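Structure record follows, encoded as structure tokens.
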Amino acid sequence: MTIHVEGLVAIVLFYVLILFVGIWAAWKNKNSGVGESGDRSESIMVGGRDIGLFVGGFTMTATWVGGGYINGTAEYVYLPDYGLAWAQAPFGYALSLVLGGLFFAKPMRSRGYVTMLDPFQQLYGKRMGGLLFIPALMGEIFWSAAILSALGATLSVIVDININMSVVISALIAIFYTLVGGLYSVAYTDVVQLFCIFLGLWISVPFALSNPAVSDIGVSAKEAIHQSPWLGKIRPEDNWLWADNFFLLMLGGIPWQVYFQRVLSASSATYAQVLSFLAAFGCLVMAVPSVLIGAIGASTDWNQTTYGSVAPKDKDESDMILPIVLQHLCPPYISFFGLGAVSAAVMSSADSSILSASSMFARNIYQQAFRQMASDSEIVWVMRITIFVFGALATAMALLTGSVYGLWYLSSDLVYVIIFPQLLSVLFVKDTNTYGSVAAYIFGLLLRIGGGEPYLKLPPFIYYPGWVTVEKVHHISGDVEYFVQQRFPFKSVSMVASFLANVVFSYLTKYLFESGMLSHKYDFLDAVVSKHSKEIMDKATLVSNHDNIILSEMAPVRQALGATLAGTFTNTEALSDNGESSPESYHSEN
């Protein structure tokens, strides 16, 4: 296969367009959200909190509709043993956005947080916030690395160019406009990228459907023609496994900084909710062409194509079914439109993840934990440095690590098992404390890691009920691999156990210290007796805009929560959109 000059020209034009839009957005909004009392660092993180419905709806949809989303949906529809029944991402992520809008967007936005980790550090302290930063960072970096790796492989299928070069150039462009414009550049480029995804894939579908090698997908949905029907089915013994994966997507899709960065950038709490619902609809719409392309791949007689007589599933190339369909079932000039769609999808996710990771580090680790008195310009420079560092790290992993998707699967599981139950506790359960948070972290981590991870060849040390040994044959090499499959819903059980551990240990330690059964001197985390110390709580949350309260004025054992703070941790008030009870000064420096 020779280098396609037309394809290279199309890629260069697309990248120039994205770069231009990113720089234009940075210039257009260079002073947005930065007034007399505004911070440039906060403007980079949450865009001055003035993102409207149009741009906000596009950028929140693009957060989930990435390279993994469109490639993975097509792959599962194509795979003979899975099919549409196992393509859970569209419905799972759409429901996660609906639930996020219904229950999480209002309390987070109305209280003026800047990152997802703010409520954790506010209640559990900066040390616990640092621990929770680890799985959050892993999720963002590994996700970026996985989709950059997929982009390189896709470009190598359609245009015969060096994989490493394509990955590095794509990453550099995304890093550059993110450095220049922060959330504004990311949001505005998302509008262009999402449009390119939609247009590129929908242009390709009719040409692929009309290819002589493709059978009627309506017939192949229920009847085996070239392989088993692409609608797929769920076997009775896999019901719990299917449910576990679905809850992982639906609930585990909520506690991500990339999502809350959009929520917190909305102009109001109500707007944040509406953006979530718009994005849920957008996720479903954007999945349709991927589903059709997967169905086309399952309905194709590959012997009649330039691909060859051996189907992609028999070459262990099922994960590349989308670019393979574009390359071998569409005219060259059409496949280049599809290539632009895949490139757009990857960049729309990579830039968001890199910005999210740098935002959490600059604010919650550097500023809150080490340099509380850091100036705004110092935070901006820390963000710029970490954007480059995290981007370079994701790029290096994409180029050097063969099991990057395994790392992504494990990290996304840890986000679901560790961060989601803690987010539930910190927003909706009163009186949880740092001891409960630590216990929840340990329980969730051990129960999840104990189940193993086949993608990383990590053997389990906890064998849950119903486990089986599965044989996997590598078609190219002929090697046979055996791994343990946990059919028990251990991920969801681990999440529930983590949540219960937080509640139980929090109330237990609270009772022990307040009843006098444990001496106050053993409250080494300052989580019960010294709950209101400035080590744990931001002073702006305790007394808005005042610093005239001393610890001796507080009751020594009983929590003295004001209406402002209590509203954060009670279910009914947390869902109200009352600006007066929102600590908007939480992110301000006094």
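In case you wondered, yes, glycine gets a Cβ from its N, Cα and C as well.
What TrEMBL says about a protein is an automatic prediction, not a curated fact.
Going by TrEMBL, these are the annotated features:
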- 6-27: transmembrane segment (TRANSMEM)
- 51-70: transmembrane segment (TRANSMEM)
- 90-108: transmembrane segment (TRANSMEM)
- 129-151: transmembrane segment (TRANSMEM)
- 163-184: transmembrane segment (TRANSMEM)
- 191-209: transmembrane segment (TRANSMEM)
- 240-259: transmembrane segment (TRANSMEM)
- 271-296: transmembrane segment (TRANSMEM)
- 333-358: transmembrane segment (TRANSMEM)
- 379-400: transmembrane segment (TRANSMEM)
- 406-428: transmembrane segment (TRANSMEM)
- 435-451: transmembrane segment (TRANSMEM)
Okay, the transmembrane segment (163-184) and the transmembrane segment (90-108): do they have at least three CB pairs under 8 Å, pairs separated by 6 or more? no
Kindly say whether the transmembrane segment (163-184) and the transmembrane segment (271-296) touch, using the definition of 3 or more Cβ pairs under 8 Å where each pair is 6 or more positions apart. no
Going through 6-27, 240-259, 406-428 one by one, which has the most CB pairs that fall under 8 Å from the transmembrane segment (129-151)? 406-428
Contact between the transmembrane segment (51-70) and the transmembrane segment (191-209) is defined here as three or more C-beta pairs under 8 Å separated by at least 6 residues; is that satisfied? yes
Residues from the same chain, set at least six apart from the ends of the transmembrane segment (240-259), whose C-beta lies under 8 A from its own: 60, 63-64, 85-86, 88-89, 91-93, 95-97, 99-100, 104, 115-117, 136, 139-140, 234, 352-353, 356-357, 359-360, 412-413, 415-416, 419-420, 423, 466, 485-492, 495
Give residue numbers and ranges for long-range contacts of the transmembrane segment (271-296): same chain, 6 or more residues beyond its ends, CB-CB under 8 A. 51-53, 56-58, 60-61, 63-65, 69-71, 73-78, 84, 87, 89-91, 93-95, 97-98, 100-102, 105-106, 108-109, 194, 197-198, 201-202, 204-205, 208-209, 214, 217, 220-221, 230, 262-264, 321-322, 325-326, 329
